[in-house]
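To start, the structure under review is shown below, and the notes come after it.
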Amino acid sequence: MVAGLDEKLEPIFQDVLRRNPGETEFHQAVREVLETLGPVLVKYPELAEQKIIQRICEPERQIIFRVPWQDDRGQIQINRAFRVEFNSALGPYKGGMRFHPSVYLGIIKFLGFEQIFKNALTGLPIGGGKGGSDFDPKGKSDAEIMRFCQSLMTELYRHIGEHTDVPAGDIGVGGREIGYLFGQYKRITNRYESGVLTGKGLNWGGSRARTEATGYGAIFFLEEMLKVRGDSIEGKTCVVSGSGNVAIYAIEKAQALGARVIACSDSNGVVVDQDGIDLALLKQIKEVERRRLSAYVQERTGATYLENGCIWTVPCQIALPCATQNELTAKDAQSLVRNGCIAVAEGANMPTTPEGIHVLMDAGIAFGPGKAANAGGVATSALEMQQNASRDSWSFEYTEQRLKEIMVNIHRNCYETSEEFDSKGNYVVGANIAGFLKVGHAMAALGLV
Ligand code: NDP
Ligand code: 2IT
């Protein structure tokens with residue numbers, strides 16, 4: 001069951017459906033935000049008058065382009081790429097690039113829409129955008145990845161810039177891809193413009209702690225949610241879906257704070273290791289060798305691999321979805337509740353379905369939505385931009401400390417906003433309203449643009 005919409009908001013949502021046919025993930029992301037904004041329009045009628053919600057739902061600019069490239073056999077391949085420049089009221093468009101075969105405009109728009117509010121919550125001067133391609137990096141050689149990135153940037157370069165739009169990584173885009181993208185941007189423009197991309201390598205303008213930031217940040221947010229309940233992560237049994245960038249560093253920080261992480265996954269299966277995930281082995285397999293997760297159990301007897309298994313059936317106290325959208329359904333939420341789960345923090349973007357969120361919240365589970373809980377990645381990207389602008393480079397400890405402060409502030413802001421709007425402890429309400437108010441007031445101040 002999904003909540004109804006306020007009578008002022010229903011026609012706005014119907015218009016979004018009509019104008020964006022078939023983009024189901026985008027509809028889902030918009031609906032989730034609109035469901036929480038009714039009381040905001042009562043308190044701030046001027047935002048309704050200014051049609052701020054209607055304006056926020058329409059991207060400022062959408063770019064769709066062809067990416068032709070040649071594979072190692074000499075065959076010509078064609079992909080489609082996107083950059084949706086959603087909202088620049090608070091700063092240059094900022095958000096990652098996703099390379100995954102499932103990418104189409106509706107995915108990039110849902111991600112770009114969520115990015116607006118997430119970036120507002122960081123308190124840093126960044127607008128919202130997102131991009132990507134239906135290119136599948138799996139099984140491609142480094143040379144193929146490079147040629148694809150170079151071809152993509154040959155079009156993208158004219159749309160981005162440190163004061164315009166600053167892409168970074170997301171699914172399928174990490175340090176290797178950012179390197180090829182940055183190299184081509186530099187070559188085409190003849191400018192060493194560090195601030196045009198984030199997630200760069202440490203020896204060419206990257207920030208320390210950016211690789212770790214999303215996963216660490218999600219755990220800092222989780223800690224704050226547990227603190228409110230007089231509890232902590234220490235000694236808790238956790239499961240983390242995915243085994244990519246966000247999952248690996250969520251596991252690292254959870255373990256550092258004394259949690260027992262017993263399972264992780266990829267799109268083929270689940271690893272359960274009751275002795276605790278061996279993080280050095282996981283990093284070796286995923287980051288160095290770029291192999292499938294099933295390799296983990298070949299190296300570690302005692303761990304089990306569940307092919308096509310569902311990670312949410314593994315009993316745990318804390319669940320961290322860190323893979324992809326709609327990976328945690330109502331049925332999964334019911335099995336978490338049954339097994340005594342107390343908290344869910346979303347490392348991924350929109351990983352829990354609306355029905356899943358409903359089940360978790362009804363059961364009184366602490367629920368940290370992605371646009372708050374995973375904001376540490378983009379926040380540290382903004383810290384990378386700060387370092388680039390001042391041609392400086394901070395220590396790991398200092399950068400991590402800044403990240404932690406940002407996550408504590410986001411948690412406090414969401415919690416206090418939820419209280420102010422009579423939904424104490426509902427972080428979905430808190431994150432949506434706090435993010436919306438920051439962007440909405442800025443848009444109103446900037447006039448009709
Ligand atoms: P990676 O590419 O590093 O890892 C993605 C992981 O999720 C892999 O284990 C992958 O498995 C799994 N996965 C991806 N797509 C699917 C799918 N359709 N079904 C099942 N499993 C899937 O990406 P990240 O770790 O960077 O991103 C993970 C999530 O976190 C995404 O939702 C992303 O938007 C979000 N995020 C990322 C941030 C960042 O800084 N990187 C910041 C904030 C949010 P497989 O290898 O089998 O595909
Ligand atoms: O979803 C996200 O916030 C990201 N993929 C990170 C974006 C960024 O610009 O660092």
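FYI, residue positions are counted from 1 along the chain as it appears here.
Just so you know, glycine gets a Cβ as well, placed from its N, Cα and C.
Any TrEMBL annotation is an automated prediction that lacks curation.
The substrate site recorded in TrEMBL includes K94, Q115, K118, S381, and the single candidate from G38, G169, G172, G174 that the record places there is G169. When the binding-site residues K94, Q115, K118, N245 are screened for a Cα within 10 A of the Cα of D170 (site 'Important for catalysis'), the ones that qualify are N245. Applying an 8 A CB threshold to same-chain residues 6+ apart, the list for T214 (NAD(+) binding site) reads N245, V246, Y249, A250, G347, N374, G376, G377. Other than K94, Q115, K118, G169, S381, the residues of this chain whose Cβ falls within 8 Å of the Cβ centroid of the substrate site are, in sequence order, G95, G96, N119, I126, G128, K130, A168, T198, G377, V378.
Reduced to three states, the DSSP call for G169 (substrate binding site) is coil. Cα separation, Q115 (substrate binding site) to K130 (active site, proton donor), rounded: 8 Å.
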